[in-house]
Amino acid sequence: MHSSSILVIYTGGTLGMQEGPRGLVPGHDIESRLRTALEALPPARQASLPAFEVVQYAAPIDSSAATPADWQRLAQDIAGAYSATDAGSPRYSGFVVLHGTDTLAWTASSLAYQLQGIDRAVVVTGAQRPLEAEDSDAPGNIEAALRFAACRNLQEVAVCFAGKLLRGAHTRKWHTHAFDGFASPNYPLLGELVDNQPVLYPSRGLDAQQRGLPRFELADYSSFEESPVVRIALWPGLSARLLKSWLLDDHVRGALLEVWGSGNIPADPALTGLLAQASGAGKLIAAISQCPHGPVSMNTYAAGQGLIDAGVLPADAMTPEAAITKLVHLLAQPLNDAERRQRFLTSLIGER
Ligand code: ASN
């Protein structure tokens, strides 16, 4: 029954970790460990799991070590499996990615840009405790992720954690160790487990025009020797001299500024002049708020007008993860400056 099979990809993370001499390290043989853990579920819950196959990366990682090259590889693997067929029908009806929690939100955001228009579910999950730990959250998270991945109406990249389903590009790691460890501060939940049944909330999935036909953009992130984008959170006393060393670095092609409140920076002509210089030189600079909730609106205060004049792009209520992965994604593609700016301001996968 391949046509209803879910492909599970284990990339690393605490979920599959085992004790090593210096602490937890990614473990092996995930498939049998995972099936053993799921066999401990009550029979009715086991019976509602979809059929699945498991692939484990040869060198699973702690997700704190993930880079854009890892995002690219995963998207390519999912795209490859997406087109696999068995007797003319798609071999996989959905995908579950098992990932470390530390940078899970970054990977989920990046996958959403690379797998635009996907008409099947890609559900990313992980755990705060390893599979075999007492009271681990891993079996429950995998169970929920598999069940959401089998929902035909879920057609986007989502994160499933602690019984909640969140849009991938709106997800943030919200707690260092609590089981309910992820939040979507600026977009409602896509779904939830209710009485142990996966429920998708109506009209929260991607609009038809953002879904449409699959139009994957598998850009080459490996062309960047190091990150082409820097992340700069303002702090009181930040000077143009300090900002300059990052912003005008020759390798830096984009920046995310995390500014004050509804979109302000200090009214310092040296700062705004520097931003104008960098954006005039073709660097893609965007701004979000340091407040976790709410969008930037840079024309509310005179102190924010300087950002607009300097060519800084408002990133609305995007998460830092979604904004930076989008900058990386746009910079990796053969677009001109105007096209990149226009695409940044357009919601591609419900990220803004
Ligand atoms: N350090 C781990 C990781 O991100 C944390 C986790 O998965 N809970 O791989």
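In case you wondered, yes, glycine gets a Cβ from its N, Cα and C as well.
Feature annotations, reproduced from TrEMBL:
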ACT_SITE  T101  active site
DOMAIN    6-200  domain 'L-asparaginase N-terminal'
DOMAIN    229-344  domain 'Asparaginase/glutaminase C-terminal'
Per-state residue totals over the domain 'Asparaginase/glutaminase C-terminal' (229-344) - DSSP helix, strand, coil
48 helix, 21 strand, 47 coil
Rounded mean pLDDT for the residues that make up the domain 'Asparaginase/glutaminase C-terminal' (229-344):
94
